[in-house]
Amino acid sequence: MLQDDVFFFKEGDPCPQPFQVNTTGLEPCVPFMQSTYWTDNDTTYVFTLIGLACVPLICYGIGRYLVNRRIAIGHNSACDSLTTDFLNDACNPKGDAYCVNALEWLQEEYIRQVRIEIENTTLTVKKPRGGILRKIRFVAEQDIDVFHSTPNPEAMHGPFVMLSQKNNHPLVIRLPSDRDLSRFLDQIREAATGINAKVNVADEENQVLLDQAVTKERRQDRLDQFFRESYAKAFNDDELRDTETSIDSTSDDILNETISREELASAMGMKADNEFVKRMFAMTAKHDEDSLSFNEFLKVLREFVNAPQKEKLQTLFKMCDLDGKNKVLRRDLAELVKSLNQTAGVNINEGTQMRLFNEVLHSSGVSNDAKYLTYEDFNALFSDIPDKQPVGLPFNRKTFQPSIGDSSSLNSFAVVDRSINNSAPMTLVHQVCAFLETYRQHVFIVFCFVAINLVLFFERFWHYRYMTENRDLRRVMGAGIAITRGAAGALSFCMALILLTVCRNIITLLRETVISQYIPFDSAIAFHKIVALFAAFWATLHTVGHCVNFYHVGTQSQEGLACLFQEAFFGSNFLPSISYWFYGTITGLTGIALVTVMCIIYVFALPCFIKRAYHAFRLTHLLNIAFYALTILHGLPKLLDSPKFGYYVLGPVIIFVIDRIIGLMQYYKKLEIVSAEILPSDIIYIEFRRPRTFQYKSGQWITVSSPSISCTFNESHAFSIASSPQDETVKLYIKAVGPWTWKLRSELLRAQNTGSPYPLIHLKGPYGDGNQEWMNYEVAIMVGGGIGVTPYASTLNDLVQLTASDSFHKVRCQKVYFLWVCPSHKNYEWFVDVLKNVENQDRRGILETHIFVTQLFHKFDLRTTMLYICEKHFRATNAGMSMFTGLHAKNHFGRPNFKTFFQFIQNEHKEQSEIGVFSCGPNNLNEKIAEGCAEANRQRDASSFAHRFETF
C-alpha cells in the first residue's frame, strides 16, 4: 500500500521515515553546459593553418635564393668554362707596356678571353691572338672611376674590375688574382698622373658591381628607349613606344638622359667623324658641345616632323652643304651614299656603286660633269616622293609601322579601298565577333573545358548537399563539405586532362589526322597553363574548405563521428583531436604533403623563375609524380566516400606512358657534328649526321643536349630544324642567348682553334609545330622575324624541292607569300643564301618573297629615300635583282602593316575560303599578326585567316 503523498511524510502513513527530506542537505545545482569537444585543439589548429599559409612564401624565398645563386654560378661557371691556363699564360707586350690576361664580362652569360694592355694613356683590349677589340683613351683632367670586387683571400676566382670615364661605356673585366688587381690599379694611376686625371677607386660586392655596370648592351637598350620615347612624342603615336619600358611624361629617367655624338652617329648608321653627323650634332646640341639632351633632340625632331616637306628638304640640303655655299659637293654626296650602302649591307662592289650613283644623278637631270649639286638638283633627286609623305630623321632600331598602302616601296600590294568600313570605329560587338572568328577553335575548347568543370563541381555539390541526409553531413559541416567535394571532383578532372596537354609525341602524330582541324594543337602549352590555373583554384578551394570542415569535425562527439565517418573505426574510449585529423591519418598527412608539393610546383612555374632558374623549374615539375601518388593515397581511407581519382587519371596516365615510350624510341645519342660555324649576331650553325630512322617534316623542331658540355644547367633545348626532309644531314641555326648556348659556342670555337673534335649531340624528336601544316592550304603566308626564320629555311626548301619533282601533285599549296622581317640583311647572310637557292629552284613561281628591313627607321628619311632611289634604278637595269641581297625578292624599309597586307591577300585570292598564316618570331610580332588576322576576319564576304605561330 502506498501513501497518498510520497514526497511528504505524515502521521499514520504506512512507511515511517527518520526525517523529512528537503533541500538543506543537497549539493548546489550546476547549470546546463554543452561540450564542444574542442579542448586543447586551438593551438594545433592555428599553427597548422599558419604553417600551410607560409608554405608558398617559403617556396618563393627558396626560389629567389636559387635565382641569385644561379646568377653567381653563371658568372663563375662562365669563367670556369674559359680555361684557367689562359689566365696563367705569360703576357708579352711590346715595349714597356703593361699587359695582363683577363676575362671580359659582356653580359650575364657571356664572358670572353682578352688581353689588357696599358701604354701611356691608352688602354687596349685585345683578342688572345692579338686582334684589337676596343681602345679607351684617357682624357686629360677627367675623372677615371674604378670599382673592384671586395678583397676576399678565400675566393676561388679573381676580382671583377669596372673602369669607366665620361663618354665611354664601362669596361668590366675579371683579373686572375688580387695581386694582379694591385698592379692594374698602379698602372691606371700612373697613366692618369701624366694627364692630370683623378682616379677614384672603390670596392663593391660582385653582384652590386655587375648590376651597376652599364655595358655596351645595356647602354644600347637605354638608347633604344631614348629614341623610342622621342619618336613617340614627336609623332604622337604610343605604338612607337616600348610598352614594356615606357615612361610617363613626368619621369626624369629619360628626360634627363643625354647621348654623345658617337652614340648619335651609331644610331644614324654613320661614323662620329662624318661631317654630316658633326653638322647634325652641332645644330641640335645647344648647351653642351659634347652631349645632346632629350629635350634638345625632341625639339629638332618635332621641327622635322611638323614642318612642310619643302622646308625639310631645305634643312637637309643645308646639312649636306658643308661649306655653306648653297651647293653640295658631288663627291661628298657620293661618300654619303656609299656609307649608307655599307650600313644597309649592299651586295655590290664599290665600282658598281659609283656607276649606279652617277646613273641615278643623270636620270634626275644632273650632268655627269657637274661637280656640285644645287638645291634644284637636290629637289629633282627627291621628286619621286609625294608631298604628303614626311621626310624624317634617319634613325634605326625602332618600331615605326609604315603603311603598306602609303609606301611607294610597297606598291606591289594594291589594297582594295575600304575607307567606308575602316573609317567607322571598331565597336565592342565587332571586336568580339572578330575575336570569335579568329579563335573559334580555342573558344570552343575552353568553353567545353569550363562547362565540364562546372558540371562536375555542381554534381558533387548537389550530391553532398541534398543526397546524404542520412549521414548528418550537412548539419555538422553545412555547405563546406559540398563545396570541398565539388572542388575535388573538378580538380580530379583537371589533373587528368593536364597530362594530355604535355604528350608531345602523341600530339605530333595527331597533327597528321583530321583531329587537327578541330583542336588547335599549337596552343597546347597555353591550354596547359589554363588547366593548371583551374586546378590551382579548385585545390585552394578544397584546402580552405577542409580547414573549416576540420573545425566542425573537432566539435563532435564520438557517436557523431561514427555517424559521419562510417568507414573509420575509433576505440571505445578514444575521441580524435584536431592533431589526429591533421597528423594521425593518411588523409591529413597526404593533404598537407599535397599542399606543399603543389606550392613548390606552382611557385617555380612562375615566369620569373622559369626565365632565371629553368633548371629548378624542370626538377620541381618532376614532383608531379609524387603529386599523383599522394592524391591516390589521399582517398584510400574512404572517410567520406570511395576514391574516384583513379577513374579520372587511368586513361590519361596510360596515354602519357605511351607518349614517353614513343619519346624513348626517338632518342638518338652521341651524334657527331660534321660542320659548325659562328655567324654574325651570335648565331651558331651546326650540322650533324642524320640518324637512319630519323624522319621529320619541314617546320618541325627537336630538342638537343650534349654530354660534352660541362654546364651547371645542362638540359635539353628546343630548336627548329633548318634542313629540308630530303637532306641527308640535320642543320640547326641557334641564337646564343643563355648559359648553355654560350657554352656551346665556346666549345665550338675551342674545337676550331685547337683542331679537337666537336662536342657530341643528343637528339630527341621530332615534335610537331603549326608551321608543318602549310601543306593544308592552297594559299599560305609565312612570316619570320629574326632567328625565327629558321623553320622556313626547311619549309621553303621543302616547297621548291617538292614542286620541282614528280611529287608536285601531292602538294596542295599553290601560292606562298614569305615575309622576312629583319634588322639588316648583313646579319643573316646565311638565310640570304637559302633564299637564293630557293629562288633558283622555284621554276613554277609559287613563292613570292618580301623582305622588311627594320634597321632603317623611316622609309622617307634621307638615308632610306636615297637607298630606295638606288634600289629602284638598280632593279630596272639588272633584271629585277636587288642590290642589297642579289635576290629578286622585294625589299621594304620599315615593318609591315599586316592589317593592310591581309586586305591585299583577300582581294588577290577571293576564291579561297581560308588562308593559312604561319609565323615564328618574338611575341610582339605574333601579336601584330594576330591583330591583323582578327581585323581581316571581320569581312564576311572575304577569305578568313587561320593563324599558326611559334614564339621564342
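Placed from the backbone N, Cα and C atoms, the Cβ positions cover glycine too.
The model shown is predicted, which means the values in this text are computed figures rather than measured ones.
What TrEMBL lists as domain 'EF-hand' is 308-343.
Sorting the domain 'FAD-binding FR-type' (666-773) by DSSP state (H, G, I as helix; E, B as strand; all else coil) yields 20 helix, 42 strand, 46 coil. According to TrEMBL, the domain 'FAD-binding FR-type' annotation covers 666-773.
Here TrEMBL flags 45-67 (among others) as transmembrane segment. Through the fold, the transmembrane segment (45-67) approaches residues 543, 547, 550-551, 554, 578, 582, 592, 595-596, 599-600, 602-604, 606, 608-609, 612-613, 616 of its own chain, all at least 6 residues removed from its boundaries and within a Cβ separation under 8 Å.
Taken from TrEMBL, the feature transmembrane segment applies to 443-462 (among others). Away from its own ends, the transmembrane segment (443-462) comes close to residues 435-436, 482-483, 485-490, 492-494, 497, 519-520, 527, 530-531, 534, 538 of its chain (Cβ-Cβ under 8 Å, at least six residues beyond either end).
Summarising the annotation, TrEMBL assigns transmembrane segment to 482-507 (among others). Here the transmembrane segment (482-507) has Cβ contacts under 8 Å with residues 449, 452-454, 456-465, 474, 521, 524-525, 527-528, 531-532, 534-535, 538-539, 541-542, 545-546, 549, 627-628, 631, 640-641, 644-645, 648-649, 651-653, 655-656, 658-659, 662-663, 666, 767-768 of the same chain, all six or more residues outside its ends.
Feature annotation from TrEMBL assigns transmembrane segment to 519-541 (among others).
The transmembrane segment annotation in TrEMBL covers 580-604 (among others).
TrEMBL lists 616-633 (among others) with the feature transmembrane segment.
Feature annotation from TrEMBL assigns transmembrane segment to 645-662 (among others).
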Select the range from 519-541, 580-604, 616-633 that forms the most Cβ-Cβ pairs under 8 Å with the transmembrane segment (645-662).
616-633
For the domain 'FAD-binding FR-type' (666-773), report the average pLDDT of the model, please.
84
